[in-house]
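Marked as domain 'DH' by TrEMBL: 20-194. Summarising the annotation, TrEMBL assigns domain 'PH' to 224-328.
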């Protein structure tokens, strides 16, 4: 009986690497082709026409689209390398353009705000709707297309890391792919941090609009938002009172709701106290994990003690966790 000979684990592993590398390389190529096409469509049917018609001034075009055309040009160059099979060299050269993606991420808030402002103008809204109706866009709106570069950056990291991991150390482009994967991971983390800062800014702005009165001015400026919600304040005597709490990385804000019938500030909150988390000692009185019902938290400050109660065990656990994070950030 014919035998294929003894198995070679090393050869089998290399064969698995090659198959995975081939699938990943094909996915990178095909998705880059689609990405480059979408970038080109936005540049052709929106950016170039708006510039030619003078609808938006150069500063406004930059505010909405950021470095879109430069990102498109970088994608075109990368695609030439990928189609030629120059994976390592192409991706390493592409990484020289990754600063465009951090600039694009930093501009995201301004882009959204500027576009929303212009969409309130009838002539601009009509132009955008007309362009979005083109069959090339497949029903996608401009608002759906603008985040494309940031979504693609995450895909780049996933695909290039997988490509590097399935390339043997003795391959000619192993070092180039490894460096490209490391650089993409670094830039992706930077962009994620920018996104978190933008989200935090939106939350702070939202909270500031909820607070009214002279004590509320500038309360959220420069802070990092963690959590908000209703808790019952248990006084030494009398009945518990429901209060809204806003937890930041450095402080806990307690607020009382204004009447919805208030002439100027109906539906807002009045700041009653701001407690520094650096001086807080936290203790869970009852309501530990696994217990039923609600629970009670004790927060001790140099000149005051708060007893906070919730009838929701899960909500109380979330509050305990968030408060612990805020306190520990000041004790390192």
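Just so you know, glycine gets a Cβ as well, placed from its N, Cα and C.
Small disclaimer: the values here were computed from a predicted structure and weren't measured.
Note on the domain 'PH' (224-328): DSSP counts are 19 helix, 52 strand, 34 coil. This prediction places the mean pLDDT of the domain 'DH' (20-194) at 95.
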